[in-house]
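Quick notes on the structure that follows.
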Amino acid sequence: MSEKPISPQISPKTHAFSITHFLLHFLSFILFLPPKFQKPIFIFLSRMSHNLKVSNFFTFIWLGIVVLSLINCVHFVRCQVVDDYEQFDNPAVLSLLTQIVYGRLNNLTTALSHDFGNRSSFCVKDPEAEWDRAFNFSTNLDFLSSCIQKTKGDITRRLCTAAEMKFYFTSFFESTGSANYLKPNKNCNLTSWVSGCEPGWACSVGSDQEVDLKNSRVIPSRTSHCQACCAGFFCPHGITCMIPCPLGSYCPLAKLNKTTGVCEPYLYQLPPGQPNHTCGGANIWADVGSTSELFCSAGSYCPTTTERVTCSSGHYCRMGSISEQRCFKLSSCNPNTANQNIHAYGVLLIAALSTLLLIIYNCSDQVLTTRERRLSKSREAAARNARETAKARKRWKAAKDAAKKHASGLQAHLSRTFSRKKDVPDPEKLKILNQRKPETDDDLYPCALDTSVSSSVQSEGKRKESGNLMQIIHEIEDNPESYEGFSIDAGDNTSNLPKGKEMNTHSQNFKYAYAQLEKEKAQQQENKNLTFSGVIKMATDTRIRKRPLIEISFKDLTLTLKAKNKHLLRCVTGKIKPGRITAVMGPSGAGKTTFLSAIAGKAIGCNVSGLILINGKNESIHSYKKIIGFVPQDDIVHGNLTVEENLWFSAKCRLSVDLSKPDKVLVVERVIENLGLQTVRNYLVGTVEKRGISGGQRKRVNVGLEMVMEPSLLILDEPTSGLDSASSQLLLRALKREALEGVNICMVVHQPSYALFKMFDDLILLAKGGLTVYHGPTKKVEEYFAGLGINIPDRVNPPDHFIDILEGIELPSRSSGMSYKELPIKWMLHNGYKVPPDMRQNTVGIASSSMDADLTNEVNPAGAMMEEQSFAGELWQDVKSNVELHRDKMRLNFLSSKDLSQRKTPGVFQQYKYFLIRVGKQRLREAKIQVVDYFILLLAGACLGSLAKVSDQNFGAVGYTYSIIAVSLLCKIAALRSFSMDKLHFWRESSSGMSSLAYFLAKDTIDHFNTVIKPVVYLSMFYFFTNPRSSFADNYIVLLCLVYCVTGIAYAFAIFFEQGAAQLWSVLLPVVLTLIATRPKDGLIIKNLANVGYPKWALEAFVIANAERYYGVWLITRCGSLLKSGYNLHDWFLCIVILILFGLISRLIAFFFMVIFQKK
């Protein structure tokens, strides 16, 4: 039995795939056929798909074939004519033709995007993306299908070619062009004007003419079959083709308003003499300032160019929107609204910022307060412990002295009893002879002992103290700060700190400092009534630390003003010695301050002659500036710092880095103790506006700033002026303590009291004109003047009498008839000094009273000619003198000399840290001023945000212009305080050797806090009131760079100008530069002036950030506005960089001014 052949089994899926494969090949074959053969085949296929009832699977296959056919039509058909097909009512055919037309339109817009991007690169970042946002209709092609039906497939002959679209868009870039009236062209000119040239109408090319939409060179002849423009397209006045309306527009067919004769909503009129002409479609796409009829109205959105939908509740729709935007949660949005009310977010931002600032200021202040309180408790505990220990040691010393006295009495009694000698030796000699070595420090170092210690000591001669007690005493002598007290039973030394070990805690530092202070007090008390043994002990005492010695000697020192050739100081010869206090006295105009400036190396604008030697060597005084202290006449002290903070800052920046922290604490505490500032150490010094410590205490703080740096030479300009007698004596005693360490002290005083006068070691007495009357020990001045026949009357203060004589109020001697003008020559002859030639004529008749030559106002012969100069000569001489004065200042500021002070002070980075802490404290104490600044900025943002609404026509340029002026003005005025208020302090600190760079950087660093916060404060009102399309971050970055820029400019103004002039410039500059930046850039000069001003770049950055968010129908508005302003959309980052560069360059200029124009 034979088997039957098995027939192949084909599954339905394989069968469907074969059919699909066959149909694809068949469709591809059809697409390559000429159009006259394609038409019947497509009609047949469409009828088959309509009439036949096929399964869902085959329907899906058929739809896939249709889609593939659309793709292939776009890619393979070169000149497909849509009107070759007749069944436009058939959905399948209409959909197919719509895709074909859209494909051609898409290819056309893609080709145009490249050319448009080349010409409009200043306003378009990504041409393809921007063009896609404007003409991507793929989501809804209903308007295209409607136009195909209306034109019966003639749409491709009515669409504008690339050449016509280029012709239209080029008109926007030409200054003489207009969007309403185009130039004459091939179809619309004086000889050829068809109805399609009218607005809202278009024409077709001939039926036998094929149109290449991509042709960008030749405008086709298009004058037949003219009719109204389709909805969704616009037909400009002057060309006969249609251009699709961009997304975001609303382009319905116009309707005639018979009352006005205007085609609404496009506002063009029908041409006269043509009764058959009707209203067409849209007529123009231009910027919103020229015409806004094409734009989708505010409060509505247009998903397609022929559909407009009212914005629903909870959403907002800006003008030109294609979709509605959901409102934020806390904002309010009514139906049909164009913007959301986001004022609540501004309020929340202000509340959050205020909370943050309160936390920062309060926590920082609380931290500082807590730290100061802990330090105060630790310091008070250490001081209390030191005082108790001193009292205990004093009792121990008293018991010890009593034991010694009892032993001496017992020895004397035994001697009288058992010795035949009747004479009793001197107790003082006996004490010296019985001591094998100088007295130990047991009598000076206080230690806390139990009462059992004093009771157990019966007599010095018995020496019954245990070895354990003596060991403890010697250990206390070695490290006295390590013991708070001990008893006899305390045999261990576990509380001792190893010698040389660094003490880190504040408690240990204070214990060490106050223990040393108690030692010094005990030493001073012991030295009041010195015995022979006390003198020996002082001579061998090594506990008083000596400083590097500086001796200044000067010979024939003469200073003459360059401008007037007048002597300020003349022929001054002498020496000021270390370890002594030299007082410089004289009447007004005697050159006392000039003398101090000369020896300190700060005399400028003068011709200096003579010789100044440092330690016998011809060296610059600036080589020792690290160990030279100069106390100015004015009390230049930081009023918003406490007394202790002022002293500590000076100590940290000017003491040697090799000095340990406990020793620095000791130095500061000693100065506070010696100057009597313990009760006000934690008080603010105070300013003119805010009351602080008293004037006398402020003066002592002014002196203490130089004392804490442990100078070797201390120069003081009238430190006792304004002080009472008690305060002056307190200050002099502190200076005496400095002199014991070898400090050379020279000070100017005005008529001191007799008690104060006796405290000076040496005296320099100057007459008017800077001539020396006396220079020597204070105790010999009366003897010298008595030798001249000048005796001091009874009950008259000697310095007052001397000043009265030199002022000419009192006669030197009525019997001798000598004039006060002869006293300088008397001093020269007394010491054998060389008398100047112009004064030698007076030496012959020195004893006669007929001398009437005015020596004090003597000028050299070269100055006699100056009175005979003309006005021009005097003016030239003044200008020349001013130039030389500034040159001398610059030379002094940049003077570099070898450092011979042998002191290594903190470097720039360490001083920057100290400056940073100081400026931070000052800013915290100026919190009220900061709050006022923020409040004013907040009001400015609210007012400008309410008044200057963001205009879509210029992208908010007006509001941003006002913002630039307001922010610049307010931030500059606030930044002026950083340097204008502290000029005197900086001049003093920089002249003492502190780093100018560290000072400037610290100020700028602290001001960065305001630079970061102030833009947030302003935008919290302005941004949420105006609600621009640009993001908050974009606006913040621009405003941040703007504040950084104007702050640097304010630094330069504050340093270079006086306070009033700096404020005036800060107000005028932003207004003038902003007006220049907003003027039309017609001339080269205006353009260059705008480019060198920061407002132009800030305004451009604001506008660019906002304009970038306008797309679609806004494309022409964006390009037109940027073209008119001269801005470039790619320059946002460049604007930010330029603003930062402005800030950096202005800071460099400010620092240069600060270093160059210092007042020495």
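Yeah, the Cβs are placed from backbone N, Cα and C, and that goes for glycine too.
Where the annotation comes from TrEMBL, it is an automatic prediction and has not been curated.
Record features, source TrEMBL:
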type     : residues  : note
TRANSMEM : 15-33     : transmembrane segment
TRANSMEM : 54-77     : transmembrane segment
TRANSMEM : 342-364   : transmembrane segment
REGION   : 417-444   : region 'Disordered'
COMPBIAS : 420-439   : compositional bias 'Basic and acidic residues'
DOMAIN   : 552-793   : domain 'ABC transporter'
TRANSMEM : 931-948   : transmembrane segment
TRANSMEM : 960-979   : transmembrane segment
TRANSMEM : 1036-1056 : transmembrane segment
TRANSMEM : 1062-1078 : transmembrane segment
TRANSMEM : 1132-1157 : transmembrane segment
Contact call for the transmembrane segment (1062-1078) and the transmembrane segment (960-979): at least 3 Cβ pairs under 8 Å, seq gap 6+: yes
When counting Cβ pairs under 8 Å to the transmembrane segment (931-948), the leader among 342-364, 960-979, 1132-1157: 960-979
Long-range Cβ neighbours of the transmembrane segment (1132-1157) (under 8 Å; 6 or more residues past either end): 889-890, 893-894, 979, 986, 996-997, 1000, 1004, 1037-1038, 1041-1042, 1044-1045, 1047-1049, 1051-1052, 1054-1056, 1094, 1097-1098, 1100-1101, 1104-1105, 1108
Non-local residues, at least 6 beyond the ends, that sit with Cβ under 8 Å of the transmembrane segment (342-364): 328, 330-331, 920, 924, 927, 934, 938, 1013, 1016-1017, 1020-1021, 1023-1025, 1027
Mean of pLDDT values spanning the domain 'ABC transporter' (552-793): 89
